[in-house]
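According to TrEMBL, the features are:
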DOMAIN    29-265  domain 'Sulfotransferase'
ACT_SITE  Lys38  active site, for sulfotransferase activity
BINDING   Lys38, Gly39, Gly40, Thr41, Arg42, Arg121, Ser129, Tyr229, Lys244, Gly245, Arg246, Pro247, His248  3'-phosphoadenylyl sulfate binding site
DISULFID  Cys230-Cys239  disulfide bond
Amino acid sequence: MPGYWAAPKAPTTEAAANAMAANSSRRMPRVIIIGVRKGGTRALLEMLNLHPDIEVARSEIHFFNLDENYERGFGWYLAQMPLSLPYQLTVEKTPGYFASPKAPARIYDMNSSIRLLLIVRDPAERLISDYTQVLYNRKERRKPFQSLEQLVLRKGKLNTNYKAIQRSLYDVHLTNWLRFFSLGQIHIVDGDVLIQDPFSEVEKVERFLKLRPRILRSNFYFNQTKGFYCLNTEGREKCLDESKGRPHPAVNRSILRKLCDYFSEHNERFYKMVGRTFSWCGNNSRV
């Protein structure tokens with residue numbers, strides 16, 4: 001599976017394996033990573049999968065945001081979940097949920113007490129990562145593509161209908177979620193800190209999920225060649241695959257300024273909603 005590598009949680013004896021098989025079943029998730037797209041959701045999922053009390057759904061299911069999947073019913077959704085034991089938390093992640101108008105109500109109808117993880121990062125950087133992923137995908141398929149400037153600007157003005165801009169309006173989307181869930185049910189992960197000090201952010205998630213602390217600082221090591229943290233578990237090491245951490249295209253400073261000016265008011269509203277601030281945009285020396 002692309003992304004981080006995590007050691008399988010295998011029983012040590014045949015008797016333990018038989019007992020595990022007898023007690024394991026597919027269970028609805030009690031935790032969902034709802035977003036944001038290009039915020040680090042895959043990295044967070046694989047980091048959490050190091051914990052013995054967590055089992056993760058390996059693929060993005062897009063059940064609550066795509067009508068064609070939702071219409072398949074909860075039986076289909078349950079079938080996408082991993083086998084788990086009664087004491088384990090099943091975690092699903094689909095970053096498309098956060099910006100979906102329908103996802104909050106649908107998730108609430110399934111489980112009104114579910115716990116949600118939202119990982120956010122600098123909205124301008126998130127937008128550029130969003131564009132970069134689409135750019136590489138189109139290049140790999142030999143499809144035509146537009147520059148970021150062509151997509152972001154229309155006749156010299158910011159194209160606020162561009163989907164990547166819309167996805168970075170965290171306050172707008174969180175407002176929809178808070179119609180159904182309390183802020184206490186939503187843990188905000190700082191995606192920028194996750195890159196710089198992953199252990200500190202994962203430790204906070206463990207506390208939020210009321211898990212015994214089992215993920216260690218020694219599970220993370222900084223790879224000097226790649227320039228970011230990788231995982232280390234049971235003496236094995238693995239980093240993000242080539243589809244992650246791709247270099248961003250150069251972006252004109254005037255475009256970054258326009259984006260930051262536009263995001264500024266939305267960022268301030270988001271800060272007030274969650275009761276904390278982040279070092280985004282205007283505080284970025286690049287701009």
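Positions of Cβ are set from backbone N, Cα and C atoms, glycine also.
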- Task: Find the shortest Cα-Cα separation between His248 (3'-phosphoadenylyl sulfate binding site) and the recorded positions Lys38, Cys230, Cys239, and name the residue that gives it.
- Result: Lys38
- For Cys239 (disulfide bond), just count the other CB atoms lying within 10 A of its CB, please. 18
- Message: Within a 10 Å radius of its Cβ, which of these binding-site residues (Gly40, Ser129) has the fewest neighbouring Cβ atoms?
- Response: Ser129
- Query: Closest to Lys38 (active site, for sulfotransferase activity): which of the recorded positions Ser129, Cys230, Cys239, going by Cα position?
  - Reply: Ser129
- Query: By a simple count of other Cβ atoms within 10 Å, which of Lys38, Arg42, His248, the recorded positions in the record, is least packed?
  - Reply: His248
- Task: Using C-alpha atoms only, work out the spacing between Ser129 (3'-phosphoadenylyl sulfate binding site) and Cys230 (disulfide bond) and round it to an integer in Å.
- Result: 20
- Within 10 Å of the Cβ of Cys230 (disulfide bond), how many other Cβ atoms can be counted across all chains shown? 17
- Item | Rounded Cα-Cα span from Cys230 (disulfide bond) to Arg42 (3'-phosphoadenylyl sulfate binding site), Å | 13
- Rounded to a whole number, how many Å is the Cα of Gly40 (3'-phosphoadenylyl sulfate binding site) away from the Cα of Cys230 (disulfide bond)? 13
